[in-house]
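Listed features, source TrEMBL:
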REGION    1-51  region 'Disordered'
COMPBIAS  1-15  compositional bias 'Low complexity'
COMPBIAS  25-38  compositional bias 'Basic and acidic residues'
COMPBIAS  39-49  compositional bias 'Acidic residues'
DOMAIN    91-263  domain 'Yip1'
TRANSMEM  110-131  transmembrane segment
TRANSMEM  151-175  transmembrane segment
TRANSMEM  187-212  transmembrane segment
TRANSMEM  218-240  transmembrane segment
TRANSMEM  247-271  transmembrane segment
Amino acid sequence: EFDDAANLLAANRDATTISIDEPGEIPKNKHGRLQEPGREEDDELLGTDDSDKTELLAGQKKSAPFWTFEYYQTFFDVDTYQVLDRIKGSVFPVPGKNFVRLYIRSNPDLYGPFWICATLVFTIAVSGNLSNFFIHLGKPTYHYVPEFRKVSIAATTIYAYAWLVPLALWGFLMWRNSKVMNIVSYSFLEIVCVYGYSLFIYIPTAILWIIPQKVVRWVLVMFSLCLSGSVLVMTFWPAVRDDNRRIALMTVGAVVLLHALLSVGCLAYFFDAPELEFPAPVIPAPIIPAHNGTTVITTS
């Protein structure tokens, strides 16, 4: 065809050429102009059209090998405004909005989850020691001794929950994704990011747990559990709702149950420990010397 065209042009050099656009491009552009203003935002939140194209383009980027510093640097490539925006989204969840697609999917990070867990560990340990001090304050037989082991126990509990539970959930979703088609899939980093940011609400809650009132403490733990649990439910329910109804409900129930066990367990172990009963001090018996040189010990 190119040879024929060249021959025709050589035979008639005064001929003009006309460029004909592909007919499929014009309707596409017109459709883009006539699209509703709020449709693009909805498509982005739902993960369709443009957002799917963005994800495909992001997956085509070359990543550095895992043994290089540049590979791990991408996990902490986030600015202060993004971290604050994600914290705000975890504290004030929006009904019907997916936390991953709204805040995380564009740039999942480990910076926020790591420091949120670290802050929560020290907050729970310090607040637990202060709570124990205020409970026994005023007792003459009580001597305050800081319990440094609470730091290691809190760190093991928080970081194990923030990493092992997302790992198990990610493996389960991958397994169900191979069984059932059209299930929303999340990466392991996205799940860790969701769990890490969902724990932020417990930092101010742990500080308020110092108040030596059980009713106030349980009201706070229920309030925090509802906020952080709603973030997890609204995030992972779209991933399992197309699965078997029973399996979907059991999965979401397990997520909420493990989250409730963490909050209630931290409150019960670090703050609602039973009060210690200190024995009364033993007063030594007075020694009264006798007149004949012998010593008489009186007992009371």
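Glycine is no exception: its Cβ is also placed from the backbone N, Cα and C atoms.
The stretch in closest packing with the transmembrane segment (187-212), judged by the count of Cβ pairs under 8 Å and taken from 110-131, 151-175, 218-240, 247-271, is 110-131. Among residues of the same chain six or more beyond the transmembrane segment (247-271), those with a C-beta under 8 A of the stretch's C-beta atoms are 124-125, 127-128, 131, 150, 153-154, 157, 161, 165, 169, 172, 176, 198, 202, 206, 209, 217-218, 221, 224-225, 228-229, 232-233, 236-237, 240-241.
Within its own chain, the transmembrane segment (110-131) is flanked in space by residues 75-76, 78, 83, 86-87, 146-147, 150-151, 154-155, 158-159, 162, 189, 192-193, 195-197, 199-200, 202-203, 206-207, 209-210, 212, 266, 270-271, which lie at least six positions past its ends and keep a Cβ under 8 Å from the stretch.
Residues of the same chain lying 6 or more positions beyond the ends of the transmembrane segment (151-175) and with a Cβ under 8 Å from any Cβ of it are 113, 117, 120-122, 124-125, 128, 183, 185-188, 191-192, 194-196, 199, 236, 239-240, 251, 255, 258, 262, 265-266, 269-270. Per-residue pLDDT, averaged along the domain 'Yip1' (91-263), amounts to 89 for this model.
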